[in-house]
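What Swiss-Prot says about this protein:
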- 1-19: topological domain 'Cytoplasmic' (TOPO_DOM)
- 38-44: topological domain 'Extracellular' (TOPO_DOM)
- 66-72: topological domain 'Cytoplasmic' (TOPO_DOM)
- 92-97: topological domain 'Extracellular' (TOPO_DOM)
- 115-120: topological domain 'Cytoplasmic' (TOPO_DOM)
- 138-144: topological domain 'Extracellular' (TOPO_DOM)
- 162-171: topological domain 'Cytoplasmic' (TOPO_DOM)
- 190-197: topological domain 'Extracellular' (TOPO_DOM)
- 217-224: topological domain 'Cytoplasmic' (TOPO_DOM)
- 20-37: transmembrane segment (TRANSMEM)
- 45-65: transmembrane segment (TRANSMEM)
- 73-91: transmembrane segment (TRANSMEM)
- 98-114: transmembrane segment (TRANSMEM)
- 121-137: transmembrane segment (TRANSMEM)
- 145-161: transmembrane segment (TRANSMEM)
- 172-189: transmembrane segment (TRANSMEM)
- 198-216: transmembrane segment (TRANSMEM)
């Protein structure tokens, strides 16, 4: 196999679908509106609507991906679950419901990313780093969220493992999702990171966009 063919195996390419970039302009606009207009003094339903619009747009945008199939449907389901989680997190008392919704979203992403290639060597380092971070946060957590957050963390790490193994934009989307959740957990359970909300939301929206874009990439060729 020559180097050019080998490169095709390693590097997923975006399908030749027109105006994918232009199709994301409403998403970027919705993100900007939320970040600029969001205000704690507004009625909660206004902030909920502004917050979930970018993610709902991505779910609709996935309808333009060809071919469609199960991968696209799983991503759309994950985005809809994420929108429910986003809405729940507007109210601090609904944190556990938000974790449940996002946990389901990650299970759908996990199913979409699949188990091929397996790359088991990635899993242990990810589990170790996650366990260390959880141990740092643990003394600051209310007792009622310890077990739900532990379960959520395991699902999140599994999603990251499969996203990294899949490669392409899903790789970077999974990484940014974990970064966003890590900063959010620090903000909630320890102390506020400077500009923490901006960091959480920009990494979160970027993560969802990159995972969405993985549906527009050509399937990777496999060698036998």
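Cβ coordinates are placed from backbone N, Cα and C, and glycine is handled just like the others.
Only pairs six or more apart in sequence are counted, and the transmembrane segment (73-91) with the transmembrane segment (20-37) gives fewer than three Cβ pairs under 8 Å, not enough to call it a contact. By the Cβ criterion (under 8 Å, sequence separation of 6 or more), the transmembrane segment (198-216) is in contact with the transmembrane segment (45-65), since 3+ such pairs are found. Listed by sequence, the residues of this chain that lie at least six past the ends of the topological domain 'Extracellular' (190-197) yet keep a Cβ under 8 A from its Cβ atoms are 137, 140, 183-184. Remote same-chain partners of the topological domain 'Cytoplasmic' (162-171), defined as residues 6 or more beyond its termini with a Cβ less than 8 Å from a stretch Cβ, comprise 12, 109-110, 113-115, 117-119, 122, 177, 210-211, 213-214, 217, 220. In the predicted model, the topological domain 'Cytoplasmic' (162-171) has a mean pLDDT of 97.
Counting only same-chain residues 6+ beyond the ends of the topological domain 'Extracellular' (38-44), those with a CB under 8 A from a CB of the stretch are 50-51, 90-91. Residues 96, 189-190 of the same chain sit 6 or more residues outside the topological domain 'Extracellular' (138-144) yet have a Cβ under 8 Å from a Cβ within it. Below 8 angstroms of C-beta separation, residues 17, 20, 23-24, 26-27, 30-31, 33-34, 37-39, 72, 75-76, 79-80, 82-83, 86-87, 90, 205, 208-209, 212, 215-216 of the same chain, each at least six residues beyond the ends of the transmembrane segment (45-65), sit close to that stretch. Beyond its flanks by at least six residues, the transmembrane segment (145-161) meets 95-96, 99-100, 102-103, 106-107, 109-110, 113, 119, 122-123, 126-127, 130, 134, 137-138, 174-175, 177-178, 181, 185 of its own chain at Cβ-Cβ distances under 8 Å. Each residue in the topological domain 'Extracellular' (38-44) gets a DSSP state, and the totals come to 1 helix, 0 strand, 6 coil.
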